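Marked as repeat 'Solcar' by TrEMBL: 25-105, 112-202. Positions annotated as transmembrane segment by TrEMBL: 30-49, 177-195, 215-237.
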Amino acid sequence: MGEPNHSPGKELQHWTRAETSGMKSWHSQAYALGAISNFMSTFLTFPIYKVVFRQQIHAVAVSEALRQLWHEGPQYFYRGIYPPLLSKTLQGTLLFGTYDSLLYSLSPDGQHSLRHRWAAGLMSGVVEAVALSPFERVQNVLQDGRKQARFPSTFSILKEFNSYGLWGRLSLGYYRGFWPVLLRNSLGSALYFSFKDPIQDSLAKQGLPHWVPALVSGSVNGTITCLVLYPLIVLVANMQSHIGWQSMPSLWASAQDMWNIRGRKMFLMYRGGSLVILRSSVTWGLTTAIHDFLQRRSHSRKELKD
């Protein structure tokens, strides 16, 4: 209660400089903390995600998306949760772990500038996109209600993808819609990591409890990133919901089709955006707060041992 107030970013830099000899264990810990925080936040916010996805695919109101899910029955409400749960856990592992490793490779003295954070965030987003795009692809097919009869399970989707030739498995199967995924993930990660610590540091100076700056910083970053990249989010969902050789329009054709379906109006591109923003705000707020809490607890334990 009476401890002096330190900004989280400055504390982390101090910890890092003090632990140069144990850098490898610190980086391995960053992977584990990222996995746990993403797993917990994904499980808690999946119901919001399911409604959002229906809006993106069918361009319907919240009430209609809820009606569709209610009509399908509760047994289908958590249909598709395993791919995102696995992919988001891996996402946290790669995103936080890779970012941490890259950041200290770019700036080993612990003095991390905006340029360093942006570069490390951008590259970690690229790694994330390459590794996890197949999971998102399967997830988006599973959650499209129009394909439940043809593809009732993950195995049926994988069987379809594996029936293509080698190039088809990549371009039409697992990596369908990869380029917008790459752009979305790299820019999103760069924005998140560039401004997470500065926002958290400025709030920590106000004497708030440690979890509040992390929660607010994650929420603000998630909201802004989602607003900027939302058209790409919708484009990815629509491109990755297609299955089969006969229904695979190009990236440009998919973008034009999405634009036409939404009446060629920008505000209709953001239909369903309120829930997406809410989900992104809650998810990244929880992820950042959980990650910060686990990081502090882990470091406190290490200090006690020392």
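FYI, residue positions are counted from 1 along the chain as it appears here.
Glycine is no exception: its Cβ is also placed from the backbone N, Cα and C atoms.
A TrEMBL annotation is a machine prediction, not a hand-curated record.
Keep in mind the model is a prediction, meaning the values are calculated, not measured.
Note: the repeat 'Solcar' (25-105) comprises 72 helix, 0 strand, 9 coil (DSSP; helix = H, G, I, strand = E, B). Per-class residue totals from DSSP over the repeat 'Solcar' (112-202), listed helix then strand then coil: 75 helix, 0 strand, 16 coil.
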